[in-house]
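Novice: Below are the features listed in TrEMBL for this protein:
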ACT_SITE  H106  active site, proton donor
BINDING   G12, T13, N14  N(1)-(5-phospho-beta-D-ribosyl)glycinamide binding site
BINDING   R59, N104  (6R)-10-formyltetrahydrofolate binding site
DOMAIN    3-184  domain 'Formyl transferase N-terminal'
SITE      D147  site 'Raises pKa of active site His'
Amino acid sequence: MLKIAVLISGGGTNLQSIIDSIDCGYLNCSIEAVVADRDNIYGIERAKKKNIKTYILDRKLYKNNLSNKICELLEGKVDLIVLAGWLSILQGDIIKKFKNSIINIHPSLIPSFCGNGMYGIKVHEKAIEYGVKVSGCTVHFVDEGTDTGAIILQKTVSVSHMDTAEILQKKVLKEEHNALPEAIKLISENKIKVENRKVIILN
Ligand code: GRF
């Protein structure tokens, strides 16, 4: 069974989608740990309700040591690290030690509206401002860059000229809750093959 850790920085709706996917039997994996980079976020409550081990590693305390601390905590204990609404940057040894074993969900169709400083409602504000007709979310592997790893899957939503950033955020979040469990399922069933920037999904 695939052992995962989920890293969170907020409300944890993506974490909840993973929990629900396990409970209904769609996902055959176990959440060994939930790691938060700040306290008093609802995502921690979601984990505690399911008796999932939670670690709060305050980013303001750990600063540049945060990534190494997470690596120390998880190395040898989990097969996959899932960034689910995670706002701190992972860097250093953890990226090498967990090569093609860290995934992130981003609320746009990468390479649009991503990179440093592009998170949360800001992503959708830029998309609305640009006048896109299609947006969506991307699940990708995490590499040394920000939102630059190989793309595993993307889900799209249509954008109306009347949509606000908040409306678009809601539409995209709904698709995120499908995309992240689907990507984890593919990995748990060894259906993902990575060839440089290309991710091949095996039938
Ligand atoms: C969502 O907008 C998601 O796109 C991004 O983080 C935000 C919060 O996610 N990855 P969650 O509700 O904390 O899972």
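Cβ from N, Cα, C; glycine included.
Keep in mind that what you see is a predicted model, and the values were worked out from it rather than measured.
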Novice: Any of the recorded positions R59, N104, D147 with a C-beta atom under 6 A from ligand 1? Give them in order, or none.
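Specialist: From R59, N104, D147, counting a Cβ under 6 Å from ligand 1 as near, there are none.
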Novice: Looking at the binding-site residues T13, N14, N104, which one has the fewest other Cβ atoms within 10 Å of its own Cβ?
Specialist: T13
Novice: Distance between N14 (N(1)-(5-phospho-beta-D-ribosyl)glycinamide binding site) and N104 ((6R)-10-formyltetrahydrofolate binding site) at the Cα atoms, whole Å?
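Specialist: About 11 Å separates the two Cα atoms.
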Novice: Look up G12 (N(1)-(5-phospho-beta-D-ribosyl)glycinamide binding site) in the DSSP assignment and reduce it to helix, strand or coil.
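Specialist: For G12 (N(1)-(5-phospho-beta-D-ribosyl)glycinamide binding site) - judged by DSSP and reduced to three states - the answer is coil.
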Novice: Looking at the recorded positions G12, T13, D147, which ones sit with their CA no more than 10 Å from the CA of N104 ((6R)-10-formyltetrahydrofolate binding site)?
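Specialist: So far as Cα distances go, the recorded positions lying within 10 Å of N104 ((6R)-10-formyltetrahydrofolate binding site) are D147.
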Novice: Going by C-alpha distance, which of the recorded positions R59, H106, D147 is nearest to G12 (N(1)-(5-phospho-beta-D-ribosyl)glycinamide binding site)?
Specialist: H106
Novice: Taking DSSP as the reference, which of helix, strand or coil describes N104 ((6R)-10-formyltetrahydrofolate binding site)?
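Specialist: The three-state answer is strand.
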Novice: Could you check which of the recorded positions R59, H106, D147 is the closest Cα neighbour of T13 (N(1)-(5-phospho-beta-D-ribosyl)glycinamide binding site)?
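Specialist: Result for T13 (N(1)-(5-phospho-beta-D-ribosyl)glycinamide binding site): the nearest of the recorded positions is H106.
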Novice: Let me know the model's mean pLDDT on the domain 'Formyl transferase N-terminal' (3-184).
Specialist: 98
Novice: Using the centroid of the Cβ atoms of G12, T13, N14 as reference, list every other same-chain residue with Cβ within 8 Å of it (recorded N(1)-(5-phospho-beta-D-ribosyl)glycinamide site), in sequence order.
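Specialist: Counting only non-site residues, the set is I8, G10, G11, L15, Q16, S17, G43, R46, A84, G85, H177.
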Novice: Can you tell which of R59, H106 has the least company, meaning the fewest other C-beta atoms within 10 angstroms of its C-beta, among these recorded positions?
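Specialist: Candidates: the recorded positions R59, H106. Fewest Cβ atoms within 10 Å: R59.
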